[in-house]
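*Asks:* The structure is given below, and queries will be raised subsequently.
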């Protein structure tokens, strides 16, 4: 594998399509076949075992928790809508169809009126159609009748099965309101049962996949640059004691606190410099092949690139010196606190969780300088405590952004979204205005009215697409702390905004147009709204077409993806071309399948459910459209995942939990839709009372979480790992926050490798030489982590160390220590672990260099080259010319000694706390401050012994 890694050049021009084809096969969503050829790019097995489309979602665990939970969520939504359709949908469809409140579109009276003979045939008290008209218009004035008869509903396909066809039958509407209330009650019960089932599934998926997030809480809204770790630990310990006084059976033990430092400027400069170097090398490679620079590139521009690179190098040197001299103390608003057990974590998270009402009350009290008697306060600020995301999920460079900056960016994001909504409103208003004017013509063409409604739906789809791209782009500017926060933010905005665009704006524009054009004839708003709902081309017809297109056309467009078709065309052109002018990395990207975007999938499902439930009282056929659409979407997404898309990053269950919380408010939309149509069509008092009861019951979630009440009556699944101790499991965790945090990762990883080798009887001779740990870790994070690379594969890094030792040292591991290796749930997971290892060549090579340093104690030179290896990214050109000076001196320039006590505001890292490390050995020169002993300290450890000290306060330091 190492040889392939050396031969592989990501910036090679022209690109080798054979490598790209291998990369395409290796990134499929199958399971790897043992002893298959490896992709030189990502290190995965090229040959994959293709899974059946009918595979159970649970069996997709090898792709991470996020994929199985999404398909389970989608199946649950299908069941929920199917139940609502069975309770109120079927009844509503039948009663709408058998009723006869709308005019027949071929009625003799309607034809007579359309031909201009209204005044001569008004009134006609014995004509049934005339009686319908005056009942709907609520007037016998012939002038109004002749002006408004075209706005009366007719029995075209969409209105025949809409509530407008039974708008005069109060008994039918009363029964429908009662059935809606029953649907809401059953929805709440079923949703709780589904959450319970989802918790069981999550535990099953999580069994054997214990991670650091199972013990760690994420603290946000901390006072930036105004606290130290010791202050935070002391304050949080006092708060935990208060909880223990209320719950004597629950004790807390804070193992460690990892603070996210402000590293954005440093990371940003490194990445900018890297892009400049890459561009310089691409231009030089192009010249070596074609004897001239690319278009618009000259020798002068290359010199300018060198000057810019040199300038960035100077900026880095300055920051390096500042970090070592001024001592890096810029704490952010984010910290990660690890507790001894999962139960301790769950208890403090649940104890500090505030309901929506409590959050509003807290904001009000804050205005008057008072606080709510709940929650954790640190330096007069309410700190938010949630379960931490996975370590690889954190954007460490974003933690330093101030709350003011984030509010500004999110406000800007909402303003741009609002502009798109306003644009959509005026476009829809104009189309509705034209459509309503056309109704005043003597001859109504219902086909043309339907075409206009289709155009309206098309405009809505286009605006929704624009909203989608704008929200996803602007979300990058919002600088979220984690990838999960990013996904939740994008999905939530898409759901809210697209629902407003597809649902509320349709109703608003129809009512407004009807009011502006008919205010002189009808003075009552209620009459204007009823005509806006029931008229040809009104809300009922628009809702019919919108729900149909959203449910059926959207899944089909995901299959016939124009961007994927474009990729196929690019692949075909590259395969036919003997020469090309793109890099190997760019070619690999072209051959990769489309990405799996779970936030997009969740947004579509939630938006579809919301729109369906909102319009269901008016157009119950939308429930059937939704069932068919979600069923089609389920199988299409599974097909695309297993046959077309590339392997997704492993995601946790946080996004799924947030989307379940959003869906939990769906009954409010169903109740609001029923209340509105009954108000518009003037139902009786009993019906309105039932509707208000529905609104009240569905809104209880804001004040009394239904799930909490249900837990008192239902047996809730217990977490099998809730009593597992971090001190006993830390070495089995695939990664940890200190191993991912750029400030602490280098030393934490090395300490982890030392321990893993100590159980292998290889820990007797260890080298404690420390060189440039923090600066090197920061540079490594700049290349592989954070926002810079969204596709941060969780397990790919998490299990690198364990798998490396498993592959190379299995025969040397004692039997009594094999159980310490992370275990896979099944054979496919074991294969995935191997694939994950191979997929992180650079990360593993770093571990290998660490092992070489540890195993060779007599080697005094630094074995850690600057990340990434220069030969891999900036190799010599074809003429074997010397590399630019900034590459030659790069390694030498940054090999500076690591400064002990570099972070005075933070507790000394646990791996530096053994006092034996700093004891002067006989015959040894006195150590200067900030230096480590020249010879390693011998640890009297036995294989399997934990390398931590037990302190009087029972806090473990590993």
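Glycine is treated like the rest: Cβ placed from N, Cα and C.
Given the structure is predicted, the values throughout are model-derived calculations rather than measurements.
This is the feature table in TrEMBL:
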type: TRANSMEM; residues: 69-94; note: transmembrane segment
type: TRANSMEM; residues: 175-194; note: transmembrane segment
type: DOMAIN; residues: 214-398; note: domain 'CSC1/OSCA1-like cytosolic'
type: COILED; residues: 302-329; note: coiled coil
type: TRANSMEM; residues: 412-434; note: transmembrane segment
type: TRANSMEM; residues: 446-474; note: transmembrane segment
type: TRANSMEM; residues: 494-513; note: transmembrane segment
type: TRANSMEM; residues: 543-564; note: transmembrane segment
type: TRANSMEM; residues: 609-636; note: transmembrane segment
type: REGION; residues: 849-871; note: region 'Disordered'
type: REGION; residues: 905-958; note: region 'Disordered'
type: COMPBIAS; residues: 918-958; note: compositional bias 'Low complexity'
*Asks:* Residues of the same chain, at least six outside the transmembrane segment (494-513), with any C-beta under 8 angstroms of its C-beta?
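*Replies:* Contacts with the transmembrane segment (494-513): 417, 421, 424-425, 428-429, 432-433, 436, 456, 460, 463-464, 467-468, 471, 528-529, 532-533, 538-539, 542-543, 546, 550, 599-600, 603, 606-607, 610-611, 614-615, 662, 676.
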*Asks:* For the coiled coil (302-329), would you mind checking the mean pLDDT of the predicted model?
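*Replies:* Across the residues of the coiled coil (302-329) the model's pLDDT averages 76 on the 0 to 100 scale.
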*Asks:* Which sequence-distant residues neighbour the transmembrane segment (446-474)? Criterion: at least 6 residues beyond either end, Cβ under 8 Å.
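*Replies:* Distal contacts: 105, 154, 156, 409, 412-413, 416-417, 420-421, 423-424, 427-428, 431-432, 434-435, 438-439, 490, 493-494, 497-498, 501-502, 505-506, 536-537, 541-542, 545-546, 549, 553-554, 600.
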*Asks:* Going along the chain, which residues at least six beyond the ends of the transmembrane segment (175-194) come within the CB cut-off of under 8 Å?
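*Replies:* Cβ under 8 Å, 6 or more out: 76, 79-80, 83-84, 87-88, 91-92, 95, 163, 617, 660, 663-664, 666-667, 670-671, 674, 678, 683, 687, 690-691, 693-694, 697-698, 706-707, 710, 714.
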*Asks:* Which sequence-distant residues neighbour the transmembrane segment (543-564)? Criterion: at least 6 residues beyond either end, Cβ under 8 Å.
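*Replies:* For the transmembrane segment (543-564), the far contacts come to 157-158, 162, 450, 453-454, 456-457, 460-461, 502-503, 506, 593-594, 604, 607-608, 611-612, 615, 618-619, 621-622, 625-626, 628-630, 632-633, 636-637, 639-640, 644.
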